[in-house]
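This report concerns only the one structure given below.
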Amino acid sequence: MKEGGLRNKVAVIGSGSWGTAIANLLCKAGNETILWGRDENVIDEINNARVNSKYLPGVELFLRATCDLDYAVADASHVYIALPSFALSKVLPKLSLDKFSIVISLIKCLEPDTGRRMSEVISEALDLGHNRLAVISGPNLALEVANDEPSVSVVASANIATANIVAGTLKCPGFYCIPSSDIKGVEICAASKNLVALISGIARGMDLGDNTRAALITLGFRELLRLVLENGGTEETVFGVAGLGDVVATCNSHLSRNNKAGVLLAKGAPLDEVKQTAEGVVAISGVLALAERSGVYMPIAQALSQVISGKRTAHSLLDICFSLA
């Protein structure tokens, strides 16, 4: 634990792998941290056994947990949202925040069908100004962060002062934060990289070689770049840890759920099983909605959507990709 006493009361909403990992990190950084979740068994295990065996097995936890949402956010100066996107509409209206609380999104997707960024969804639901919103993204596989593997993340807010404040709460050995004002670019990278990872996983599931996978990742990354730049993001973000860095980690790690989902798609697994594996499968509609709204041509993403819906085979997806090379 960090010496020098507690610095902030921090709440993390969502007791899955990433929510638990970031809550434990915040606790190590010297913050008074409380984790909220719906599953009473998970919460009881965290409080009594100091582990979350369902989502983050083998990691010792130093935090408190609760199923009481009001208790979790009471007097919290920072509130981290680590929920699946589909759960936001149920949970956000129940949040009663301090008027100065900063809300930080850990969600790496766009709203399905609308393409809105998660910070936009949260801002509207909670009536928050830009100076009270931030996002965190980067190559941050939850288990590696929880095991204190050195990691770098981007903390982005339209207000750079807010990004710096949030980065300060996360400061601890082995976890490095880069403040950024490019919140649009960071969020779009986070969502779009899921598609690149799915394509990489499909190639892996088809037992294709590294040459093929590298080409597919590059072509998918090219679409990500166009989408980010057309929507006001920067090249610095795309080629930094929130863009390229996250793509590298997600496409190559056995811990990546989107990578695993791509493997399942290639092997013809039922769609329900694929959806349960990774939110990126569901959220592809958000990326395509944003692309349509901003006039960005994304043929690979469109073909991937057809593979997911069963209208196209994985082999035909490869044909489309290589026709664009």
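For all residues, glycine too, the Cβ spot is worked out from N, Cα and C.
Swiss-Prot lists G138, K193, D246, S256, R257, N258 as binding sn-glycerol 3-phosphate, and of K108, K171, K275 the one it places in that same site is K108. Candidate binding-site residues: G138, D246, S256, N258. Nearest to S17 (NADPH binding site) by Cα distance: S256. In this entry, K108, G138, K193, D246, S256, R257, N258 make up the residues listed for sn-glycerol 3-phosphate, with the farthest two CA atoms of the set 15 Å from each other.
Secondary structure from DSSP puts K108 (NADPH binding site) in coil. The number of other Cβ atoms within 10 Å of the Cβ belonging to N258 (sn-glycerol 3-phosphate binding site), over all protein chains shown, comes to 25.
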